[in-house]
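Trainee: Submitted below is the structure of interest, expressed as structure tokens.
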Amino acid sequence: MSHALKQVFNKDKTFRPKRKFEPGTQRFELHKKAQASLNAGLDLKVAVQLPPGEEQNDWVAVHVVDFFNRINLIYGTISDYCTEQSCPVMSGGPRYEYRWQDEHKYRKPTALSAPQYMNLLMDWIEVQINNEDIFPTNVGTPFPKNFLPVVKKILSRLFRVFVHVYIHHFDRITQMGSEAHVNTCYKHFYYFVKEFNLIDTKELEPLVSAWLCS
């Protein structure tokens, strides 16, 4: 592994702890199965498909947590360059501005700087994936009826991180020599959300025509 990629995987670069799967649980086994497919170099379009005999919600839950960890890590590598001064608005170029809304402080869509938005986003996702009522960890505990709507919201917001990083900070990723890793992560994410119809096509427009999606 190159020095640059070691930087990408450096735990010190993440700005919050990773959510992990407990060894011996079904989710841990699914996580290992997903990682094995990636490490084996399978076509990503094939790797994201639901393995025979597995429940779709379990497969989706494992990937949501994995994407959260990986995208959080990628943003952590460029976070020193994403500041109130450099990125006063959370955006993906002049055509796309992302406003924050939640059930607490920001009840209406509010324009924020990119770092403010990112911190609120990662905090919000962390709460969702650690909520046993939404992401149950015990085998046999059913997923709630609102599981997929919550997942779709998480993934659509995580996609915005990719948009911001690609359009505003990809020069930094390139300087680190880590563009291949980031591109692979994005392709994996893209094929997964397309396979299970988890993000509206319109939401994907900012990057859908990029060469890496070909």
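Quick reminder: no glycine exception, Cβ is built from N, Cα and C everywhere.
Keep in mind that TrEMBL annotations are predicted by a computer and have not been checked by a curator.
Below are the features listed in TrEMBL for this protein:
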BINDING   Cys82, Cys87, His164, His169  Zn(2+) binding site
Trainee: Tell me, how many other CB atoms lie within 10 A of the CB of Cys87 (Zn(2+) binding site), whichever protein chain they belong to?
Mentor: 19
Trainee: Return the single residue from the binding-site residues list (His164, His169) that has the minimum number of other CB atoms within 10 Å.
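Mentor: Minimum Cβ neighbour count within 10 Å, taken over the binding-site residues His164, His169, occurs at His169.
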Trainee: I need the neighbours of the Zn(2+) site defined by Cys82, Cys87, His164, His169. Which other residues of that chain put their C-beta within 8 angstroms of the C-beta centroid, in sequence order?
Mentor: Ile78, Tyr81, Ser86, Ala114, Pro115, Val165, His168
Trainee: Just counting, how many other CB atoms are there within 10 A of the CB of Cys82 (Zn(2+) binding site)?
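Mentor: Taking every protein chain into account, the count is 21.
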